[in-house]
Structures are given as structure tokens and as C-alpha cells.
Amino acid sequence: MEIPVSVQPSWLRRASAPLPGLSAPGRLFDQRFGEGLLEAELAALCPAALAPYYLRAPSVALPTAQVSTDPGHFSVLLDVKHFSPEEIAVKVVGDHVEVHARHEERPDEHGYIAREFHRRYRLPPGVDPAAVTSALSPEGVLSIQAAPAPAQAPLQSPPGAAAK
């Protein structure tokens, strides 16, 4: 008795199936032993259980920021809820605002965690670097604002000069 054996490469067998997981049942030698499962096949089995392993949770991601930098106006809203006020430093260096936050390793519900980040923002033209202010809300949002540079008074003509 002769048993037919498929000699197609596995990638061709998978590509030629009408729909993944719905290929016609084949013979014993047509099955993909030892090849593992494709990611799509795993997700079809239990998509909700696998999603946390492939997607980074927003609470673990880097802080998010909303930045508004128009000429003469500067505003940053930065989510720093994982840091205490003592762990956050805001300083002006030249025409940049630098934000640094860090906390040492400490226990949390999953083990131990340490966090640190650095952000640097260029001040737009027309903004006074000496007028940069920052405030931390109770929700953990750091607000950094900068006022426009004071307008220079127009030069006055010397007394006795004729106006044209």
C-alpha cells in the first residue's frame, strides 16, 4: 500500500490554504508538526489573553506631553503622575527648557520599578526665558508656561526734532 506524502514547503502550504485554520483536513504527513503556530493562529485562540504581551500598557509608557510653541507663546502639559514633586526638576538652559524626573528603585505590585526621563524643549522666538514658570496639578500633570518677551518701547525722537 502506498501513502501519498506532501512535498510542498510549509510556507507554500500555509499560503495556499483558503483561510488560516480552515484548511481541509489532510493526512498525517500533511500536518505541521514541530513548525509552531503563527502569531495570527495564536491570537485567534485567545486574543484577549495575548494582547497584553504584545502591546505596551499606557501606564508603563513614557510620559505623554502636549506642546504648544507659537512665536511669543510656550506651553507644555506633561503627564508625570508616577513622580513626586521632589523627584521632578525643571530648569532653563539657554533657549531650552529641560525637564528631568527620576525615582530610585522601589517596590510595586509586580516587583520593583525605577523610572527616569529627560525632556528638552526649545523656546520659540519672542519668549522670555526668565519668565518660564511650572506648576504640578494634584492629578500629576506638570504645566510649564512662558510669557512673551517684553516689547521694546519705540525710540523717542529727541526734543526739538520736527515731525514729518
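Glycine is treated like the rest: Cβ placed from N, Cα and C.
What you see is a predicted model, and the numbers here were worked out from it, not measured in a lab.
Quick look at what Swiss-Prot annotates:
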- 1-72: region 'Involved in stabilization of the HSPB1:HSBP6 heterodimer' (REGION)
- SER16: phosphoserine (MOD_RES)
- 56-163: domain 'sHSP' (DOMAIN)
- GLN66: deamidated glutamine (MOD_RES)
- SER157: phosphoserine (MOD_RES)
With DSSP, how much of the domain 'sHSP' (56-163) is helix, how much strand and how much coil, in residues?
-> 3 helix, 62 strand, 43 coil
Cβ contacts of the residue listed as 'deamidated glutamine' (under 8 Å, same chain, 6 or more positions away) | VAL76, LEU77
